[in-house]
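Chemist: Quick one: the structure is below, and I'll ask about it shortly.
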Amino acid sequence: MTKFIFVTGGVVSSLGKGITASALGCLLKNRGLSVAIQKFDPYINIDPGTMSPYQHGEVFVTDDGAETDLDLGHYERFIDVPVSKNSNVTTGKIYWSVLNKERRGDYLGGTVQVIPHITNEIKERIYRVARENHPDIVITEIGGTVGDIESLPYLEAIRQMRSDIGRENVLYLHVTLIPYLNASGELKTKPTQHSVKELRGIGIQPNILVCRTEHAISEDMKEKLALFCDIDREAIIQMVDAKSIYEVPLNILEEGMDDIVLKILGLEAPPADMTDWRAMVDRINNPQSETEIAIVGKYVELPDAYLSVAEALRHAGIEHLAKVKIRWVNSEEIEGSSAAELLKGVSGILVPGGFGNRGIEGKIEAIRYARENKIPFLGICLGMQTAVIEFARNVCGMTNANSSEFDVDAPYPVIDLLPEQKEIEDKGGTMRLGISPVKLIESTLVSSIYQDEVIYERHRHRYEVNNQFRAELEKGGLKFSGTSPDGRLVEITEYPDHPWFVASQFHPEFKSRPYRSHPLFREFVKATLANR
């Protein structure tokens, strides 16, 4: 029977529940167990697709086209199992489903209530992941912090599951903070005690307590936590701040967390084989070279807005035994000064995805700087579209060329709305989303990089290269080296008269892994190392 692990958080938010769940999943998978993982987000939005990156960070896109929380990116990178639309559930989705059932008459005229209707729907979403994947273990992260009113239905649902399927099949793991007070030079356990007390008041007794801390926890403090929280001493796990998130699986392995999990759930499995993972972490900690790459965007004040892009660059650095230093450049600042001033000295320039007119001219200037100064360039989604606009304006002589997203009256709308998008008015969940095939053109840079004729990549966009201008752009020297299988949609552009200039409509960052970097990022970082 499938076992279920529930990860909750207390004291403060952003403690690293997602990393904890991912790291545990990594260990269990490396012990030969099959693992599925999901996250519940308590907000009422259906998904984060229409939320500002300043509010939520990046939107991670799955193969099946779900727009999800950035923690799902951590899940895939650590566990290397694809997540799906069932892997991220919001309160909005739960209530949407329940209300639709009520309208259909599924509840036979009964009064619809949080208990049992909402809690049953939550449990159904957990069981659905188990039915879909048939794993040995399902790990479910509960977003938010214990004590938040929004999280109460989820906590009640997972409390009920202990009775529904038997306590031997359920494990509760609570992540909490042990703050350090500089004034007294002490670690304090009281916030954690109160967090566990709050959780127990709901009816959940944690089996494992994961303590986030800046400093190591003494044995006496672990004994104190075990006593006051009624948790076995061996199940008090310290998680000291690490230099790299990829050290976390090794740290909790040293604490014996995986053994404790298997003991509580009554499972047997061989020890985790972390040989390759250790080698990867060793490469992170012992780089032999360094490269600096500028990420030019408009959300750079919050790096989480470009989390997968930054991680993909670091993954490529791992492969090349290089430290990738990221220079975050606000594209709006380029508009007010000069690209040369803000980009001087970088070995590569990357323009990631985004939406809206703000900062666009700065991105275009950054791309021009990369093209004219032969600096390796990688554009992603909007980064490809702005690369086409820059080329049209400054090489092909199309004065004021633009995207119809930014200027509906542009004389040269080299980027235009996808035909199937023109009748769509709703914003949420209506873009071209998920994995699609890309046909590569022979004898191009990208065909040599991928070593394949057809690749499969994840997308999230409404706009495309306007086919009306393709011939003129190609005449100017731009190469459309990847298209949809029918040739209608441009997927990749490159500029042969440049050491390394590639841009993709898709998002390659979503398929990068720390031990298997994405080909485009791998070769981009390689080019930047040669350009130092």
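Cβ coordinates come from backbone N, Cα and C, glycine included.
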Chemist: Looking at Swiss-Prot, Ser14, Leu15, Gly16, Lys17, Gly18, Ile19 are annotated for ATP. Which of Asp71, Asp80, Asp106 sits in that same site?
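Modeler: The one candidate that Swiss-Prot places in that ATP site: Asp71.
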Chemist: Based on Swiss-Prot, name the residue from Arg103, Arg104, Arg458, Arg462 that is recorded for the same L-glutamine site as Tyr54, Gly354, Leu382, Gly383, Met384, Gln385, Glu405.
Modeler: Arg462
Chemist: For the recorded positions listed here, Lys188, Lys190, Lys224, Arg462, His507, which shows the highest count of neighbouring CB atoms within 10 A?
Modeler: His507
Chemist: Calculate the distance in Å between the alpha carbons (Cα) of Gln385 (L-glutamine binding site) and His507 (active site), and round it to a whole number.
Modeler: 13
Chemist: What are the sequence-distant neighbours of Gln193 (UTP binding site), meaning same chain, six or more residues apart, C-beta distance under 8 angstroms?
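Modeler: Sequence-distant Cβ neighbours: Leu225, Phe228, Cys229.
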Chemist: Which of the three DSSP states, helix, strand or coil, fits Pro191 (UTP binding site)?
Modeler: helix
Chemist: Indicate whether Glu141 (Mg(2+) binding site) is helix, strand or coil by DSSP.
Modeler: strand
Chemist: Going by Cα-Cα distance, which of the recorded positions (Tyr54, Asp71, Cys381, Met384, His507) sits nearest to Pro191 (UTP binding site)?
Modeler: Asp71
